[in-house]
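Colleague: What follows is a single structure, and I will ask about it in a moment.
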Amino acid sequence: MKSLTLKAPAKVNYRLDVLRRRPDGYHDLRMIMQRISLCDEITITLSDMPGIRVACGREGVPDGPGNIAWRAADALLKLSGRQSGIDIAITKNIPVAAGLGGGSSDAATVLLGVNELLGLGLSTERLMEIGVTLGADVPFFVFGKTALAEGIGEILTPIEAVPPLWMVIVNPNIPVSTAWVYGSLRLTEGRIGDNIPRFFKGVADVCAVLSNDLETVTISKHPVIGEIKEMLIASGASGALMSGSGPTVFGLFPSEEGALEAARSIGEVSGWFVTVARALV
Ligand code: ATP
(Lines of atoms letter the chains of each structure in order from A and count residues from 1; the text may use other names and numbers.)
(Lines give C-alpha, C1' and ligand atoms only; values in the text may rest on other atoms or scores of the structure.)
Protein backbone atom coordinates (compact mmCIF):
# COMPACT_ATOMS: atom_id res chain seq x y z
CA MET A 1 0.00 0.00 0.00
CA LYS A 2 1.27 3.48 -0.87
CA SER A 3 1.98 5.46 2.26
CA LEU A 4 3.59 8.76 3.32
CA THR A 5 4.62 10.05 6.76
CA LEU A 6 4.84 13.84 7.06
CA LYS A 7 5.42 16.39 9.77
CA ALA A 8 2.72 19.01 10.39
CA PRO A 9 4.35 21.98 12.16
CA ALA A 10 2.67 24.39 14.59
CA LYS A 11 2.81 28.17 14.09
CA VAL A 12 3.14 31.25 16.21
CA ASN A 13 2.06 34.78 15.33
CA TYR A 14 4.78 37.39 15.74
CA ARG A 15 2.08 39.90 14.89
CA LEU A 16 -1.71 39.81 14.77
CA ASP A 17 -3.60 43.01 13.88
CA VAL A 18 -7.39 42.73 13.57
CA LEU A 19 -8.44 45.40 11.06
CA ARG A 20 -12.21 45.01 10.69
CA ARG A 21 -15.15 42.65 10.86
CA ARG A 22 -16.38 41.58 7.43
CA PRO A 23 -19.98 41.08 6.32
CA ASP A 24 -19.31 37.32 6.06
CA GLY A 25 -18.46 37.17 9.79
CA TYR A 26 -14.70 36.73 9.29
CA HIS A 27 -12.18 39.44 10.19
CA ASP A 28 -9.62 41.12 7.96
CA LEU A 29 -6.25 40.57 9.58
CA ARG A 30 -2.59 41.44 9.17
CA MET A 31 -0.38 38.78 10.66
CA ILE A 32 3.19 37.64 10.65
CA MET A 33 3.14 33.87 10.84
CA GLN A 34 6.06 31.62 11.66
CA ARG A 35 6.17 27.82 11.49
CA ILE A 36 7.98 26.14 14.37
CA SER A 37 9.63 22.78 14.95
CA LEU A 38 6.87 21.50 17.30
CA CYS A 39 5.04 19.09 14.96
CA ASP A 40 2.22 16.59 14.72
CA GLU A 41 3.13 13.51 12.67
CA ILE A 42 0.74 12.27 10.01
CA THR A 43 0.81 8.97 8.14
CA ILE A 44 -1.44 8.80 5.09
CA THR A 45 -2.03 5.39 3.50
CA LEU A 46 -4.01 4.58 0.36
CA SER A 47 -6.33 1.63 0.81
CA ASP A 48 -8.54 -0.62 -1.35
CA MET A 49 -11.39 -0.07 1.08
CA PRO A 50 -13.24 3.11 -0.04
CA GLY A 51 -13.83 5.83 2.52
CA ILE A 52 -11.72 8.06 4.74
CA ARG A 53 -10.66 6.93 8.21
CA VAL A 54 -8.86 9.15 10.75
CA ALA A 55 -7.21 7.73 13.86
CA CYS A 56 -6.03 10.40 16.27
CA GLY A 57 -6.74 9.11 19.76
CA ARG A 58 -6.48 12.50 21.44
CA GLU A 59 -9.25 13.54 23.81
CA GLY A 60 -11.18 16.50 22.36
CA VAL A 61 -10.17 15.75 18.78
CA PRO A 62 -12.76 13.86 16.71
CA ASP A 63 -11.76 10.86 14.58
CA GLY A 64 -14.43 11.13 11.87
CA PRO A 65 -15.71 13.94 9.60
CA GLY A 66 -15.38 16.35 12.55
CA ASN A 67 -11.62 16.16 12.09
CA ILE A 68 -10.34 18.86 9.76
CA ALA A 69 -7.82 16.34 8.35
CA TRP A 70 -10.77 14.15 7.29
CA ARG A 71 -12.37 17.13 5.54
CA ALA A 72 -9.11 17.91 3.72
CA ALA A 73 -8.92 14.37 2.32
CA ASP A 74 -12.63 14.49 1.41
CA ALA A 75 -12.20 17.77 -0.48
CA LEU A 76 -9.41 16.31 -2.65
CA LEU A 77 -11.23 13.02 -3.28
CA LYS A 78 -14.38 14.87 -4.39
CA LEU A 79 -12.37 17.21 -6.63
CA SER A 80 -10.45 14.37 -8.26
CA GLY A 81 -13.43 12.02 -8.64
CA ARG A 82 -11.23 9.15 -7.35
CA GLN A 83 -12.77 6.28 -5.38
CA SER A 84 -9.63 5.55 -3.29
CA GLY A 85 -9.71 4.73 0.39
CA ILE A 86 -7.54 6.89 2.63
CA ASP A 87 -6.33 6.04 6.14
CA ILE A 88 -4.93 8.94 8.18
CA ALA A 89 -3.07 8.34 11.46
CA ILE A 90 -2.29 11.49 13.46
CA THR A 91 0.18 11.60 16.33
CA LYS A 92 -0.85 14.79 18.09
CA ASN A 93 2.06 16.61 19.75
CA ILE A 94 0.69 20.14 19.26
CA PRO A 95 -1.62 21.28 22.11
CA VAL A 96 -5.27 21.50 20.96
CA ALA A 97 -7.31 24.73 20.86
CA ALA A 98 -4.11 26.49 21.85
CA GLY A 99 -3.53 29.21 19.23
CA LEU A 100 -0.82 27.10 17.58
CA GLY A 101 -2.82 26.18 14.46
CA GLY A 102 -2.50 22.41 14.94
CA GLY A 103 -5.72 21.43 13.17
CA SER A 104 -5.04 23.76 10.24
CA SER A 105 -1.55 22.34 9.86
CA ASP A 106 -2.87 18.77 9.90
CA ALA A 107 -5.34 19.72 7.14
CA ALA A 108 -2.64 21.39 5.00
CA THR A 109 -0.37 18.36 5.41
CA VAL A 110 -3.16 16.03 4.29
CA LEU A 111 -3.80 18.23 1.23
CA LEU A 112 -0.09 18.07 0.30
CA GLY A 113 0.21 14.34 1.06
CA VAL A 114 -2.94 13.18 -0.74
CA ASN A 115 -2.05 15.35 -3.76
CA GLU A 116 1.27 13.50 -3.94
CA LEU A 117 0.00 9.98 -3.17
CA LEU A 118 -2.79 10.17 -5.76
CA GLY A 119 -0.56 11.98 -8.28
CA LEU A 120 -3.16 14.73 -8.71
CA GLY A 121 -0.57 17.33 -9.75
CA LEU A 122 -2.45 20.23 -8.14
CA SER A 123 -0.36 23.42 -7.77
CA THR A 124 0.46 25.02 -4.42
CA GLU A 125 -1.90 27.90 -5.36
CA ARG A 126 -4.76 25.48 -6.06
CA LEU A 127 -4.16 23.63 -2.79
CA MET A 128 -4.20 27.00 -0.97
CA GLU A 129 -7.58 27.82 -2.57
CA ILE A 130 -8.97 24.49 -1.41
CA GLY A 131 -7.31 25.06 2.00
CA VAL A 132 -9.09 28.34 2.73
CA THR A 133 -12.46 26.57 2.38
CA LEU A 134 -11.36 24.36 5.31
CA GLY A 135 -9.92 27.05 7.59
CA ALA A 136 -8.35 30.51 7.41
CA ASP A 137 -4.87 29.34 8.53
CA VAL A 138 -4.70 26.34 6.18
CA PRO A 139 -3.29 28.28 3.14
CA PHE A 140 -0.35 29.48 5.28
CA PHE A 141 0.67 25.90 6.10
CA VAL A 142 0.36 24.87 2.42
CA PHE A 143 2.51 27.91 1.51
CA GLY A 144 5.17 26.62 3.88
CA LYS A 145 7.23 29.79 4.52
CA THR A 146 7.33 32.58 7.10
CA ALA A 147 4.76 35.04 5.78
CA LEU A 148 2.83 38.25 6.06
CA ALA A 149 -0.78 37.01 5.96
CA GLU A 150 -3.60 39.37 5.00
CA GLY A 151 -7.31 39.07 4.18
CA ILE A 152 -8.63 36.36 6.49
CA GLY A 153 -5.14 34.84 6.31
CA GLU A 154 -5.16 33.63 2.71
CA ILE A 155 -3.21 36.48 1.05
CA LEU A 156 0.39 35.50 1.70
CA THR A 157 3.65 37.35 1.07
CA PRO A 158 6.88 35.55 1.97
CA ILE A 159 9.23 37.05 4.54
CA GLU A 160 12.65 35.93 3.41
CA ALA A 161 15.04 37.20 6.06
CA VAL A 162 14.32 35.42 9.33
CA PRO A 163 17.09 35.10 11.92
CA PRO A 164 17.76 31.76 13.58
CA LEU A 165 15.90 31.82 16.86
CA TRP A 166 14.56 29.54 19.52
CA MET A 167 11.44 29.85 21.54
CA VAL A 168 10.01 28.50 24.73
CA ILE A 169 6.38 27.52 24.21
CA VAL A 170 4.19 27.52 27.32
CA ASN A 171 0.60 26.27 27.30
CA PRO A 172 -1.26 26.44 30.62
CA ASN A 173 -3.65 23.64 29.54
CA ILE A 174 -6.74 25.83 29.28
CA PRO A 175 -8.56 25.32 25.95
CA VAL A 176 -9.59 28.66 24.43
CA SER A 177 -12.33 29.01 21.81
CA THR A 178 -11.18 31.14 18.88
CA ALA A 179 -14.84 32.09 18.18
CA TRP A 180 -15.27 33.38 21.76
CA VAL A 181 -12.12 35.53 21.54
CA TYR A 182 -13.13 37.18 18.25
CA GLY A 183 -16.69 37.59 19.53
CA SER A 184 -15.44 39.41 22.64
CA LEU A 185 -13.02 41.70 20.81
CA ARG A 186 -13.79 45.44 20.76
CA LEU A 187 -12.67 46.65 17.35
CA THR A 188 -11.08 50.03 16.71
CA GLU A 189 -12.94 51.85 13.91
CA GLY A 190 -10.87 52.65 10.83
CA ARG A 191 -7.84 50.61 11.90
CA ILE A 192 -5.47 50.27 8.96
CA GLY A 193 -2.64 48.44 10.70
CA ASP A 194 0.94 49.57 10.98
CA ASN A 195 3.50 49.00 8.29
CA ILE A 196 5.05 45.66 8.98
CA PRO A 197 8.71 45.17 8.04
CA ARG A 198 9.61 42.25 5.77
CA PHE A 199 13.21 41.81 6.92
CA PHE A 200 14.35 40.71 10.34
CA LYS A 201 18.12 40.85 10.79
CA GLY A 202 18.16 39.66 14.38
CA VAL A 203 15.98 38.70 17.33
CA ALA A 204 15.65 42.39 18.28
CA ASP A 205 13.93 43.10 14.93
CA VAL A 206 11.42 40.31 15.58
CA CYS A 207 10.82 41.58 19.13
CA ALA A 208 10.09 45.05 17.71
CA VAL A 209 7.02 43.75 15.81
CA LEU A 210 5.60 41.54 18.59
CA SER A 211 1.96 42.53 19.11
CA ASN A 212 -1.36 40.68 19.21
CA ASP A 213 -4.74 42.46 19.27
CA LEU A 214 -6.39 39.35 20.77
CA GLU A 215 -4.07 39.21 23.78
CA THR A 216 -5.98 41.59 26.06
CA VAL A 217 -9.25 39.72 25.33
CA THR A 218 -7.88 36.31 26.31
CA ILE A 219 -5.87 37.70 29.25
CA SER A 220 -9.05 39.31 30.64
CA LYS A 221 -10.46 35.79 31.06
CA HIS A 222 -7.18 34.00 31.82
CA PRO A 223 -4.80 36.36 33.68
CA VAL A 224 -2.27 33.52 33.94
CA ILE A 225 -1.25 34.38 30.36
CA GLY A 226 0.15 37.71 31.57
CA GLU A 227 1.99 35.90 34.36
CA ILE A 228 3.55 33.47 31.87
CA LYS A 229 4.80 36.40 29.77
CA GLU A 230 6.44 37.89 32.87
CA MET A 231 8.01 34.53 33.77
CA LEU A 232 9.47 34.19 30.29
CA ILE A 233 10.98 37.69 30.36
CA ALA A 234 12.33 37.06 33.88
CA SER A 235 13.90 33.84 32.53
CA GLY A 236 15.83 35.73 29.86
CA ALA A 237 13.45 35.90 26.87
CA SER A 238 14.12 38.86 24.56
CA GLY A 239 10.35 39.18 24.03
CA ALA A 240 7.17 37.22 24.79
CA LEU A 241 3.68 37.15 23.26
CA MET A 242 0.46 35.13 23.21
CA SER A 243 0.02 33.24 19.93
CA GLY A 244 -3.22 33.50 17.90
CA SER A 245 -6.29 33.49 20.14
CA GLY A 246 -4.23 31.86 22.91
CA PRO A 247 -3.68 30.72 25.50
CA THR A 248 -0.21 29.56 24.40
CA VAL A 249 2.61 32.04 25.03
CA PHE A 250 6.02 31.97 23.35
CA GLY A 251 9.23 33.63 24.50
CA LEU A 252 12.02 34.37 22.01
CA PHE A 253 15.66 33.48 22.66
CA PRO A 254 18.73 34.11 20.52
CA SER A 255 20.37 30.87 21.69
CA GLU A 256 19.18 27.31 22.20
CA GLU A 257 20.99 27.09 25.57
CA GLY A 258 19.07 30.11 26.91
CA ALA A 259 15.76 28.61 25.76
CA LEU A 260 16.51 25.20 27.28
CA GLU A 261 17.48 26.76 30.61
CA ALA A 262 14.29 28.88 30.74
CA ALA A 263 12.10 25.90 29.76
CA ARG A 264 13.66 23.81 32.51
CA SER A 265 13.03 26.41 35.20
CA ILE A 266 9.44 27.20 34.09
CA GLY A 267 8.58 23.51 33.56
CA GLU A 268 9.82 22.58 37.04
CA VAL A 269 7.55 25.00 38.89
CA SER A 270 4.41 25.01 36.75
CA GLY A 271 3.19 21.59 35.56
CA TRP A 272 2.18 23.26 32.27
CA PHE A 273 3.05 22.10 28.76
CA VAL A 274 6.51 23.64 28.23
CA THR A 275 8.77 22.92 25.26
CA VAL A 276 11.58 24.47 23.23
CA ALA A 277 11.03 24.93 19.50
CA ARG A 278 13.04 26.39 16.63
CA ALA A 279 11.67 28.85 14.08
CA LEU A 280 11.54 26.94 10.75
CA VAL A 281 12.96 28.73 7.71
P1 ATP B 1 -6.11 28.31 15.56
O2 ATP B 1 -4.94 29.01 16.16
O3 ATP B 1 -6.00 28.10 14.07
O4 ATP B 1 -7.46 28.82 16.01
P5 ATP B 1 -6.00 26.28 17.52
O6 ATP B 1 -4.61 25.80 17.76
O7 ATP B 1 -6.53 27.30 18.48
O8 ATP B 1 -6.04 26.81 16.06
P9 ATP B 1 -6.85 23.58 16.95
O10 ATP B 1 -5.94 22.83 17.85
O11 ATP B 1 -6.51 23.59 15.52
O12 ATP B 1 -7.01 25.08 17.51
O13 ATP B 1 -8.32 22.96 17.17
C14 ATP B 1 -9.49 23.66 17.43
C15 ATP B 1 -10.68 22.67 17.46
O16 ATP B 1 -10.73 21.91 16.26
C17 ATP B 1 -10.58 21.67 18.59
O18 ATP B 1 -11.65 21.91 19.45
C19 ATP B 1 -10.69 20.29 17.96
O20 ATP B 1 -11.68 19.49 18.54
C21 ATP B 1 -11.04 20.53 16.50
N22 ATP B 1 -10.21 19.69 15.58
C23 ATP B 1 -10.63 19.07 14.48
N24 ATP B 1 -9.62 18.44 13.86
C25 ATP B 1 -8.52 18.65 14.58
C26 ATP B 1 -7.15 18.25 14.44
N27 ATP B 1 -6.73 17.50 13.42
N28 ATP B 1 -6.28 18.70 15.37
C29 ATP B 1 -6.70 19.48 16.39
N30 ATP B 1 -7.96 19.86 16.58
C31 ATP B 1 -8.88 19.47 15.68
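Residue numbers in this text run from 1 along the chain shown.
Placed from the backbone N, Cα and C atoms, the Cβ positions cover glycine too.
Here the structure is a predicted model, which means the values were calculated and not measured.
Residues or ranges marked as active site in TrEMBL: Lys11, Asp137. Taken from TrEMBL, the feature ATP binding site applies to Pro95, Val96, Ala97, Ala98, Gly99, Leu100, Gly101, Gly102, Gly103, Ser104, Ser105. What TrEMBL records for 67-145 is domain 'GHMP kinase N-terminal'. Residues or ranges marked as domain 'GHMP kinase C-terminal' in TrEMBL: 212-267.
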Colleague: Between Gly103 (ATP binding site) and Lys11 (active site), find the distance joining the two CA atoms and give it rounded to the nearest Å.
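Modeller: Here the two Cα atoms lie 11 Å apart.
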Colleague: To see if you understand the setup: which same-chain residues, six or more apart in sequence, place their Cβ under 8 Å from that of Pro95 (ATP binding site)?
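Modeller: Those within reach of Pro95 (ATP binding site), by Cβ under 8 Å and sequence separation of 6 or more, are Gly102, Asn171, Asn173, Thr248, Phe273.
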Colleague: Give the number of CB atoms, excluding that of Gly101 (ATP binding site) itself, located within 10 Å of its CB.
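Modeller: 29, counting other Cβ atoms within 10 Å of Gly101 (ATP binding site).
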Colleague: Could you tell me the C-alpha distance between Ala97 (ATP binding site) and Asp137 (active site) in angstrom, no decimals?
Modeller: 13
Colleague: Can you tell me how the residues of the domain 'GHMP kinase N-terminal' (67-145) break down into helix, strand and coil by DSSP?
Modeller: 44 helix, 7 strand, 28 coil
Colleague: Work through the recorded positions one by one (Gly99, Gly101, Ser105, Asp137) and name whichever has its CA nearest to the CA of Lys11 (active site).
Modeller: Gly101
Colleague: An 8 Å radius from the center of the Pro95, Val96, Ala97, Ala98, Gly99, Leu100, Gly101, Gly102, Gly103, Ser104, Ser105 Cβ atoms defines the neighbourhood of the ATP site; name the other residues of that chain inside it, in order.
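Modeller: Other same-chain residues with Cβ inside the cutoff are Ala10, Ile94, Gly244.
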Colleague: Take the C-alpha atoms of Ser105 (ATP binding site) and Asp137 (active site) and report the distance between them in angstrom, rounded.
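Modeller: With the alpha carbons as reference points, the distance is 8 Å.
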